[in-house]
Amino acid sequence: MKKQYRIAVLPGDGIGPEVMKEAYKILKILQNYFSLHIEIKEFNIGGIALDKEGVALPKDTLLGCENSDAILFGSVGGKKWNNLPIEKRPERASLLPLRKHFNLFYNLRPAKLYSELRFLSPLRSKTXIKNGFDILCIRELTGGIYFGEPRGRLKKNNIEYAFDTEVYYDYEINRIAHVAFQLARTRKNKVCSIDKANVLNSSLLWREIVTKVSKNYPDVHLSHLYIDNATMQIIQNPNQFDILLCSNLFGDILSDECAIITGSIGMLPSASLNEKNFGLYEPAGGSAPDIAGKNIANPIAQILSLSMLVRYGMNLKKIANKIDQSVISVLKKGYRTFDISDDNNXFLKTNEMGDVIADALINGE
């Protein structure tokens with residue numbers, strides 16, 4: 001008997017509902033053409049949930065996610081809710097509690113530059129990226145300086161000061177290191193661990209444990225870079241990297257650097273997962289309220305987020321590869337949305353891009 005997959009779909013705010021409609025087209029193809037048994041249930045999240053139910057993360061949404069195998073997330077937030085206290089705004093009051101509730105301790109951020117879109121990259125003149133690049137940034141999500149205690153802001157002798165604490169426990173580093181090495185075996189068998197071990201004790205522990213874990217993966221090549229050198233090396237030659245293994249803070253920095261050198265954040269998916277392989281899959285960009293409702297948003301990041309769900313959440317790598325290949329196929333044919341077009345007078349609308357990707361998937365292109 002074939003497994004039935006349950007997906008909680010959370011379109012959210014801004015362009016979220018628009019691009020999610022295009023992901024639905026791919027989901028229907030998975031059901032009808034690939035004979036996957038997928039149960040889809042949609043729930044409110046973020047600003048729309050605040051407006052309708054008074055909270056950004058309603059109880060029925062959380063329960064729906066608990067009863068699912070994965071979460072397909074759109075985007076949350078917008079100017080409409082910026083007058084609220086920061087802790088009640090959609091971004092803070094929905095996405096962060098979801099991550100905490102499900103203990104989503106690591107984030108996968110692919111940064112892929114397609115050769116057809118090289119003209120978008122700030123590094124387009126570099127010969128080293130003429131064929132594009134493909135980096136996977138693995139970021140620890142639940143430890144480090146964003147969560148360490150003590151933290152605060154105080155005043156002493158009329159002098160104000162603030163402090164945060166970088167804390168990492170050995171088990172936190174150990175588990176994400178295993179994730180990185182296991183994923184490296186599905187790619188190019190290369191891991192570059194990022195730290196500041198020449199200055200920080202937390203980074204020294206990070207390097208020691210990552211090195212120790214690497215002994216279990218003799219087929220995977222491990223290298224180490226200090227964060228300051230890594231930021232330069234990525235700009236100099238991104239092709240030298242495959243997997244970047246990062247702490248929370250360093251991963252926050254490097255994943256955005258990797259994103260911007262691809263030229264369009266509208267192309268980039270992401271996934272946050274826990275030890276049971278339960279994950280939340282979402283575009284790396286935001287809700288983009290300035291273009292919401294105009295049918296010009298790029299749906300590719302949302303579609304590729306679904307592909308990541310199929311790859312990591314369902315463990316159906318061959319089908320995920322076919323979704324990825326469909327995106328590559330339409331790019332090779334010259335199809336573009338506004339954000340990735342070099343001709344502002346010739347680009348596809350959001351729904352049109354979804355249609356051509358769906359057709360490519362059906363036709364096996």
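Positions of Cβ are set from backbone N, Cα and C atoms, glycine also.
Quick look at what Swiss-Prot lists:
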type	residues	note
BINDING	78-91, 286-298	NAD(+) binding site
BINDING	ARG99, ARG109, ARG139, ASP228	substrate binding site
SITE	TYR146	site 'Important for catalysis'
SITE	LYS196	site 'Important for catalysis'
BINDING	ASP228, ASP252, ASP256	Mg(2+) binding site
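Ranked by CA distance from ASN82 (NAD(+) binding site), the recorded positions ARG139, TYR146, LYS196 have TYR146 at the top as the closest. By the criterion of other Cβ atoms within 10 Å of the residue's own Cβ, the least surrounded of the recorded positions ARG99, ARG109, ARG139, LYS196 is ARG99. Secondary structure from DSSP puts ARG109 (substrate binding site) in a beta strand. Compared over the binding-site residues ASN82, ASP252, the count of CB atoms lying within 10 A of a residue's CB peaks at ASP252. Within 10 Å of the Cα of ASP252 (Mg(2+) binding site), not one of the binding-site residues from the list GLY78, PRO90, ALA292 places its own Cα. In the shown protein chains, 15 other C-beta atoms lie within 10 A of the C-beta of TYR146 (site 'Important for catalysis').
ARG109 (substrate binding site) sits 22 Å from PRO90 (NAD(+) binding site), taking the CA atoms of both as reference points. When the binding-site residues GLY78, PRO90 are compared by the number of other CB atoms within 10 angstroms of each CB, GLY78 has the fewest.
Among the record's substrate binders, ARG99, ARG109, ARG139, ASP228, no two C-alpha atoms are more than 28 Å apart, and one pair sits at exactly that spread. Candidate recorded positions: ARG139, TYR146, ASP228, ASP256. Nearest to GLY78 (NAD(+) binding site) by Cα distance: ASP256. Neighbour density around each Cβ, counted as other Cβ atoms within 10 Å, peaks among the binding-site residues ILE86, ALA288, ALA292, ILE296 at ALA288. Scoring each of the binding-site residues (ASP228, ASP256) by how many neighbouring Cβ atoms lie within 10 Å, the top position goes to ASP256.
The recorded positions recorded for this entry are ARG99, ARG139, TYR146, LYS196, ASP256, and the Cα of ARG99 lies nearest to that of PRO90 (NAD(+) binding site).
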